[in-house]
Ligand SMILES: C[S@@+](CC[C@H](N)C(=O)[O-])C[C@H]1O[C@@H](n2cnc3c(N)ncnc32)[C@H](O)[C@@H]1O
């Protein structure tokens, strides 16, 4: 495909097709953005995110409007119509423009025989308005399995979680404590005309009233602040960091928490940051460089300790395991399409395996913080319970904190519609015996 000659909505349809086929937006969107004029990029991005956010609802409507599914080679026109429906239902775009440009994009995608169908379906959609959702997955625009799992796991909260997943996430900053006090940076923002407030729970957090490009933030390039959700920032408040400690960040990329650790405590002996992904590890280096921080980076499977560990135990370990990311769906709405119910059991096995492996390299008297950005207990407190059953000498610490819910074996934050993401933390200490 020669993107430069394609209308932006044809490119949006291709991005959505990529997500349907298992590609994440963070993989497929950056190359797509280079194929359109700079002034079209915000719209392309907003439409791709929005079409994923509302995919299940829009797709139910579109399937109802089609007398039969499109043939496989014409599937791209299904995605093109989803993009158009997203705009009709959730944007201010005038409908005549959506209709005309979608028909034009249908031609550009080399499907002139389907322009009549596209025109007819979208005209009817415009005339008849959005149908009442037939069921909860359609109403909340989530896959059925997620709705059922959340209903089962969170009988009192599932609807609030689903609604929060469809909200716009705030932009939150972590002030680099080595450079600024939070109040001073808030004053800098005020001087720059940027509305912001201190976060409720994270000591260095600032939430912006509306998102903006980072280059508009005072001294961003010089390392004054980083973009990080409030819940993610809380990791440093649980690690009980002190000078002289050797700290491991076992699943580190892109390095948000590695940098938070280094900012939170001067004079740590060493911070070792591991990630198995060769693509993601350079992001840790970029973040460290911008913030002028130092860590030892290693590309490795953290669990394969014989391949990277020097034999000296760590005083502190942060284990921010790979997970379903079900707590951050509002930031990554493609997760609704990418995740499968069958992913959860294998993920839980990986999480328990990583926890057991990291435990072996924790110093007696040391502390391990287990973290996920998931709201599924299978990946969270049930992992901790399973671990405590199999591991002697592991002591669960229940921190006295004003956030989240005590799950008996860790604390759960559910996604908050106006502040932090969904997150889970558990704190474990290794006794000296
Ligand atoms: C939740 S993300 C970490 C986010 C990071 N802690 C931050 O705050 O910026 C999980 C990371 O674990 C990495 N990962 C997955 N399995 C791993 C393993 N066995 N060893 C090391 N890293 C792993 C992934 O590449 C991914 O970057």
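Cβ coordinates come from backbone N, Cα and C, glycine included.
As the structure is a computational prediction, the values presented were derived from the model and not from experiment.
S-adenosyl-L-methionine binding, as stated in TrEMBL, involves 251, 252, 253, 254, 255, 256, 257, 275, 301; the candidate among 240, 289, 315, 320 given for that site is 320.
The separation of residue 373 (active site, nucleophile) from residue 257 (S-adenosyl-L-methionine binding site), Cα to Cα, is 13 Å. According to DSSP, residue 257 (S-adenosyl-L-methionine binding site) is assigned to a helical segment.
Each residue contributes its Cα atom, and for residue 253 (S-adenosyl-L-methionine binding site) and residue 373 (active site, nucleophile) those atoms are 14 Å apart. Long-range Cβ proximity for residue 255 (S-adenosyl-L-methionine binding site), meaning a same-chain Cβ under 8 A and a gap of 6 or more residues, is found for 273, 283, 284, 285, 286, 287, 288.
Look at residue 251 (S-adenosyl-L-methionine binding site): DSSP puts it in coil.
Spanning the residues 251, 252, 253, 254, 255, 256, 257, 275, 301, 320 that the record associates with binding S-adenosyl-L-methionine, the maximal Cα-Cα distance equals 19 Å. In this structure, the C-alpha atom of residue 301 (S-adenosyl-L-methionine binding site) lies 20 angstrom from that of residue 373 (active site, nucleophile).
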